[in-house]
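Straight from Swiss-Prot, the features:
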- 1-19: signal peptide (SIGNAL)
- 34-115: domain 'Inhibitor I9' (DOMAIN)
- 126-400: domain 'Peptidase S8' (DOMAIN)
- Asp158: active site, charge relay system (ACT_SITE)
- His190: active site, charge relay system (ACT_SITE)
- Asn233: N-linked glycosylation site (CARBOHYD)
- Asn251: N-linked glycosylation site (CARBOHYD)
- 282-294: compositional bias 'Polar residues' (COMPBIAS)
- Ser345: active site, charge relay system (ACT_SITE)
- 378-394: compositional bias 'Polar residues' (COMPBIAS)
Amino acid sequence: MGVFRFISISLAAVSAANAAQILSMPHAQTVPNSYIVMMKDDTSDDDFNHHQSWLQSTHTHNITRRATIQNAGMRHKYNFSKMKGYSGIFDEETIKDIAKDPKVMFVEPDTIISVHGKVEQSNVPSWGLARISNPQPGAGSYIYDSSAGEGITVYSVDTGVDVNHEDFEGRAIWGSNQVNDGDDRDGSGHGTHTSGTMVGKEFGIAKKAKLVAVKVLGNDGSGPTSGIVAGINWSVEHARQNGGTKKAVMNMSLGGSSSSALNRAAAQAVEQGMFLSVAAGNDNQDAQSSSPASEPSVCTVGSSAEDDSRSSFSNWGPAIDLFAPGSNIISARPGGGSQSMSGTSMAAPHVAGLAAYLMALEGISGGAVCDRLKELGTSSITDAGPGTPTNVLINNGGAKGGKPNPNPAPSPSPSPSQPSEPQQPTPSQPGQPGEPFPGEPQQPTPSQPGQPGEPFPGEPFPGEPFPGEPFPGESAPAPAPQHPHTPYPGGDNFDFDGFWKKYFGGEHWRKMFSSFWN
């Protein structure tokens with residue numbers, strides 16, 4: 001009996017010694033009792049499934065015994081590339097039990113992440129597009145190659161997007177809602193604004209790229225880290241099954257306190273071949289203290305003003321890769337029209353849009369894109385900030401690049417296994433990342449919040465006015481000067497039903513979508 005007791009105590013001591021670290025987040029705003037658990041890289045699918053089964057049993061036992069937390073349990077599961085993990089609401093004893101599993105890498109408190117933009121009243125004209133295609137400030141035209149990002153998909157990981165805004169011309173779709181608020185729209189305006197800069201017909205850089213809305217922040221512009229990691233996971237899987245991660249860009253105009261879990265998720269997305277543009281933050285401090293800006297493999301973007309100075313609010317430091325226009329940027333607002341915003345949130349989508357543009361033009365992908373952007377940029381930023389290793393402002397090199405790509409990639413050719421015409425779609429559950437886009441128009445069916453969005457429908461999604469409400473603590477913005485929109489022939493008086501039937505019915509619809517996703 002004594003020997004058995006000795007062995008038990010020894011095993012307990014070994015388990016405690018090998019327990020995973022439960023990270024502390026003393027300076028962050030945390031979500032009560034919510035945690036993110038990351039498994040080690042060598043965790044197999046069987047190990048992960050076994051851990052989840054064990055967790056369910058342990059959690060149920062602990063809650064039954066103590067009954068201290070309401071609505072507890074696992075919420076998100078992460079499984080892409082080498083990264084496996086999950087998030088959930090657990091009591092302290094359950095977290096200690098989780099950390100004892102030798103397959104667990106670390107446990108991190110769930111923290112609040114916010115957008116890096118702010119609404120400002122301004123009547124200045126939009127200047128960012130002209131600046132990134134001309135060698136000097138003050139130009140009035142945007143010069144670009146007609147390829148304009150065609151064949152590239154941009155994932156807006158943000159507050160959602162008004163996908164029906166006229167500036168997107170039907171190239172934007174709703175993807176996923178990880179906020180689980182049942183509100184599949186952009187109630188703040190932030191995500192619609194950043195998306196307009198990336199792919200809008202009038203406001204955008206990559207004017208022919210597609211866009212997928214991934215909502216990870218609520219209408220107040222904030223959300224938990226666990227949901228953002230889930231949004232990254234969803235985006236990678238959707239890209240992998242719809243054209244490939246090497247033809248995908250992700251923009252993250254958000255950030256918060258340093259998070260190992262968020263940085264790890266961002267790094268895994270880059271490892272899968274995606275390009276990630278991340279806002280540096282608006283605190284006029286070292287960006288190295290925030291996530292995901294501090295992740296070395298992403299392209300971290302500071303903000304510049306019209307005179308090529310660093311914007312007064314922009315973060316700085318060793319994490320900065322590039323600068324882009326971010327002060328007084330006019331772009332799309334929910335419900336139609338435009339508004340002006342400032343922030344590194346506005347700078348990052350300039351980089352994401354230019355990345356999509358270059359990926360289509362030169363065939364590059366992943367981490368090579370950030371290096372190419374640095375090569376094409378101009379060394380013109382003044383007062384880049386303490387410890388900032390670069391003063392490079394992005395530039396498209398004048399339509400064709402201006403400088404030759406030293407390692408041009410071959411033009412992608414269609415796979416011989418792909419049919420020349422899309423096959424008829426088969427019924428499937430809406431919201432799966434790999435669900436193909438239909439060859440014929442069909443009515444959309446409702447999807448559950450938090451699941452990948454539906455394929456392009458044959459009829460437009462029913463629109464409704466969006467509030468475009470200001471961020472907390474800000475006054476409502478005055479409407480920016482309205483730009484003439486002519487997204488369809490005939491202006492405001494054209495026959496929409498006749499236009500839709502003519503251009504989006506029957507065989508024309510099939511041919512359009514055959515090339516759209518291939």
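Counting starts with 1 at the first residue shown.
Cβ from N, Cα, C; glycine included.
Cα to Cα, Asn251 (N-linked glycosylation site) and Asp158 (active site, charge relay system) are separated by 8 Å. The subset of recorded positions (Asp158, Asn233, Ser345) lying with their Cα within 10 Å of the Cα of His190 (active site, charge relay system) consists of Asp158, Ser345, given in sequence order. Taking the C-alpha positions, the distance from Asn233 (N-linked glycosylation site) to Asp158 (active site, charge relay system) comes to 14 Å. Ser345 (active site, charge relay system) sits 10 Å from Asp158 (active site, charge relay system), counting Cα to Cα. Residue counts for the compositional bias 'Polar residues' (378-394) under DSSP (helix as H, G, I; strand as E, B; rest coil) come to 0 helix, 5 strand, 12 coil.
The 10 Å shell around the Cβ of Ser345 (active site, charge relay system) contains 33 further Cβ atoms across the protein chains shown. DSSP labels the residues of the compositional bias 'Polar residues' (282-294) in these numbers: 3 helix, 3 strand, 7 coil. Within the domain 'Inhibitor I9' (34-115), the DSSP-based counts of helix, strand and coil residues read 30 helix, 33 strand, 19 coil. Neighbours of Asn251 (N-linked glycosylation site), defined as other CB atoms within 10 A of its CB across all chains, total 32.
Taking the recorded positions Asp158, His190, Asn233 in turn, the residue surrounded by the fewest other Cβ atoms inside 10 Å of its Cβ turns out to be Asn233.
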